[in-house]
Amino acid sequence: MAMDSSLQARLFPGLAIKIQRSNGLIHSANVRTVNLEKSCVSVEWAEGGATKGKEIDFDDVAAINPELLQLLPLHPKDNLPLQENVTIQKQKRRSVNSKIPAPKESLRSRSTRMSTVSELRITAQENDMEVELPAAANSRKQFSVPPAPTRPSCPAVAEIPLRMVSEEMEEQVHSIRGSSSANPVNSVRRKSCLVKEVEKMKNKREEKKAQNSEMRMKRAQEYDSSFPNWEFARMIKEFRATLECHPLTMTDPIEEHRICVCVRKRPLNKQELAKKEIDVISIPSKCLLLVHEPKLKVDLTKYLENQAFCFDFAFDETASNEVVYRFTARPLVQTIFEGGKATCFAYGQTGSGKTHTMGGDLSGKAQNASKGIYAMASRDVFLLKNQPCYRKLGLEVYVTFFEIYNGKLFDLLNKKAKLRVLEDGKQQVQVVGLQEHLVNSADDVIKMIDMGSACRTSGQTFANSNSSRSHACFQIILRAKGRMHGKFSLVDLAGNERGADTSSADRQTRMEGAEINKSLLALKECIRALGQNKAHTPFRESKLTQVLRDSFIGENSRTCMIATISPGISSCEYTLNTLRYADRVKELSPHSGPSGEQLIQMETEEMEACSNGALIPGNLSKEEEELSSQMSSFNEAMTQIRELEEKAMEELKEIIQQGPDWLELSEMTEQPDYDLETFVNKAESALAQQAKHFSALRDVIKALRLAMQLEEQASRQISSKKRPQ
């Protein structure tokens, strides 16, 4: 502080001093202002035609401009040491012309020691350092003598300690000067206030980084970092800790709905556990489901997007088939005894548990049908049938079991015989050739289920090596004196994936996917029409809705949809598609109702998802318009293929039906006295008929070949457009 106060007296505006730039360059600058509070000066200089300036601490000024300190007077001492008195006397003697001889060597050494001590003080002030000189202090004690005149007769008494002090002081001065000259600025230079603030901020950032790193280390110890998504697992666990869970129980009341939409979550299977997948589905209450969708920000920061869905019932992974049946299909059994039509669907991704829910527990390819909704509904049907109020009706129980594959019907209880769907004059849909089997107990029903399930068509997809690629419909029909009293249709729908998700994307697979998605779209529209009491129900859009037409019309019709979902993180996209489909069927949402524009957008998204990726023309880009036109061509080709296939089958049947005529002609020739004229006439007539059918069959086959080529071309174009660049 003494140095600062002394230096302040030397600093004033306009003074030229030396400064050091941040790049190490030292040049001259003029003092502009002197700030006593901050102990700094503001300087300015001209550079490149412009005036620049900066602030410099007093210590930096002293370090770069030591000459300012050298000009300062020394502080007066009350008791001057011996060497200072000698120096003063020496100067006085030199100031007058005296004939006294020159001083001896002892006085010269004293003079040298005095200059050394003075330089040491100045150097210490220049460097703003406290220099401890224990040797000097001791030497002072050694040579402190009473102020008596020094006699030449005893020079050795003071000469020895003075020489020792002189040598020690010179060594300390040289060491201090050496260190100061080696690093004249950095050793004593203090930083400006701005630099100090920046360093404080930097230190805080480093401390925060260290704390975050320590927290990450602790979290990494709590979670197995070998998991590919352990960070998402931690975030999901922390989010679930904030939830209050009230799951569905068997004691909860059963609410009756005309359209009941439920969702069921299955547990992680062995394959998902082997891949160390995490569960991204939470069910905190009996009607609420949360999807923790993993996301990445632009800077690759991981976060969760929690999406909520509301349904009539939500079943977690601990719910058994009995619990699911109690709240879904069981209330519908009463409906068919009251003369109504009931339908229960299982909808979802391949491998999400549809067949397990409807058909029973699976062990490999073997299935325990007694644990499925099929068998449970059958048991309740026979229980109600034997009650006194319904026993007097004389009801009989029949069952049918068929599948819809690629738009064609096959009877699973009659060796997969092909069926035809026709509409009679009363606009009633009839399934020609479908056999109804009379059953007398639930055990008979289970046998029928086992027999039909063994014949069901399956295929391989990315999610399931034995995936059901057809819609299976098990119907329980009540008849009173041959007349239908009620019907309960239990449908296990095919997987809702697109054809591009299968292992082998050949034409057959594409046709499967297109037909499945088309029927699912038609089914959703029919259910929504039923819920909104619309006058028109679009049941003719697919074979599935045609067969179930009577379930969508009439006031005494009830429907239940069970949406099954997979909880793994790899199935998150398909799970969201399933939940959105089910949510739009019921039109239940935790948010406010959508506006008209949002409904149009929703319909457009549904058409895209359910038409094997078709795009609806509208506000689309050029590439999207091209893809939309190609998708439209693909759908037209698929529809044309199905129509031509039906025509080809009809022409072939007509040709086969002419077979007996040729056999009759052959038998005629076996007779010894057959009429040749009659033979020729019949042969010409048969040839004319056959030529007509063969010509028609040839035209149909040509058109079918062309349609297949168009479908192949459209499929390749769509694949090339969808392939990432």
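The backbone N, Cα and C atoms fix where each Cβ goes, and this holds for glycine too.
Quick caveat, the model's predicted, so the values are computed rather than measured.
The ATP site recorded in Swiss-Prot comprises G348, Q349, T350, G351, S352, G353, K354, T355 together with one of R234, R240, R258, R264, namely R264. In summary, of the candidate residues S115, S144, S213, S363, the record from Swiss-Prot lists phosphoserine for S115, whereas the others have no such entry there. Per Swiss-Prot, the residue from the list S175, S503, S629, S719 bearing the note phosphoserine is S175. Checking S39, S519, S611, S685 against Swiss-Prot for the annotation phosphoserine singles out S519. Each of the modified residues S22, S519, S633 was scored by the number of other CB atoms within 10 A of its CB, and the lowest score belongs to S22. When the Cα atoms are compared, S519 (phosphoserine) and S6 (phosphoserine) turn out to be 97 Å apart. Summarising model confidence by region, the region 'Globular' (2-254) averages a pLDDT of 64. Spacing of S6 (phosphoserine) relative to S192 (phosphoserine) is 21 Å (Cα to Cα, whole number). Counting every protein chain shown, the Cβ of S192 (phosphoserine) has 15 other Cβ atoms within 10 Å. Other Cβ atoms within 10 Å of the Cβ of S6 (phosphoserine) number 17 in total over all chains.
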